[in-house]
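Report on one structure; see the data block that follows.
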């Protein structure tokens, strides 16, 4: 039964996926600790520690998944000892009595806490990467669909030379491809802390193996291998270096900037009524203004993306205050920092995929906006056409300048339509090109190589970048909880 009387994070209740929420759950955390304790015992036994029996290993295996009653036992024990790891060693030992004396043998708390965190970081990246791949894939399809639709370009959020709807989306895709590269790189760089002891010297393990350095080195590698890692950090303090957290979170923050930019562009286009995010049949935009269709999904992306971007200073500060071999300044901070970074990123990817999958454009509105600006943009072409008929460029420029300013006053001071072309048609000076004006105002002639650039980029660059992830691509519909 849900507890309505205490705070619960909206991340799990409203936004993040079930699989990401489960990854950072208490159950997954303790199950991972138990698996690490099992891996350590297996490796130590394999390397000759006779105090670890077959029965101990079998009992550890049989109880590697924690039960609800065991959580209650651990909670009571933690309250008594004020130490979560020791509480769970005690609880695991009750379930596996033959192993109670060898659980955590030679290890320090960071053997389970830090190695588990590294497992979670890598697993979380494994959940994010397919979602980012699908965002890129669907946006690429959308880009190709609208590669030939002219639209106003904007610089300084003022109308500029035309581009196409699809070409604009390639700018978003390119940033997302860089994010994908960064995600994969960060994921593959994550190593394993291994078995390093209280200050990273492996002294306790050297004592266990009676000074056999080779066995200690082999233990480090074997536990890492059993835990799914080939790369073990060669040196650590008590913890793995907190700069690793920075390296993992930085790509998430960078993606947050990408997502914020994309969502902001869509919001601005929604204001112009050119593009719209999905809007459900029963969705309400405002409790007071019944007509409103607010871009709430893109607003949510921006809200959550800002949170992701602002986590980096926290990670930097945490890394900077790790004195010598470690301090505990990091512990409670990272309990929130790491899960929230991934839960928010997961949520943003989920919303972004939902928006892209249902995003629509309104070509007639786009054309209306082009008609309002294109006459001004076409003036250079008109001047060139007149010079081909023998007109003076300087004189033609002056004629266009006067008429443009007149038309501009109509638009700005009277709220009228841009009538520059009508003024040109009513000016005898421009009679030599009357028959050419319609072709000179064909919007498709103002987009340069935008359609070709879009097609080439998607079919070559994007296709090549997504090739290693082909098996991850799906057409699955993405629904939001709210």
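Note that Cβ sites are derived from N, Cα and C of the backbone, with glycine treated the same way.
Positions annotated as active site, proton donor/acceptor by Swiss-Prot, on the basis of similarity to another entry: 156, 286. Taken from Swiss-Prot, the feature substrate binding site applies to 14, 15, 82, 83, 84, 108, 109, 238, 300, 326, 331, 335.
Of all Cβ atoms in the shown protein chains, 14 besides its own fall within 10 Å of the Cβ of residue 331 (substrate binding site). In this structure, the CA atom of residue 82 (substrate binding site) is 57 Å away from the CA atom of residue 156 (active site, proton donor/acceptor). Neighbours of residue 300 (substrate binding site), defined as other CB atoms within 10 A of its CB across all chains, total 19. Around residue 109 (substrate binding site), the same-chain residues at least 6 positions away in sequence with a Cβ under 8 Å from its Cβ are 83, 85, 86.
Within 10 Å of the C-beta of residue 82 (substrate binding site) there are 8 other C-beta atoms, taking all protein chains into account. Each of the recorded positions 14, 156 was scored by other CB atoms within 10 A of its CB, and the lowest score goes to 156. Looking only at Cα atoms, residue 156 (active site, proton donor/acceptor) sits nearest to 300 among the binding-site residues 14, 84, 300. Sequence-distant neighbours of residue 84 (substrate binding site) (same chain, 6+ residues apart, CB-CB distance under 8 A): 74, 78.
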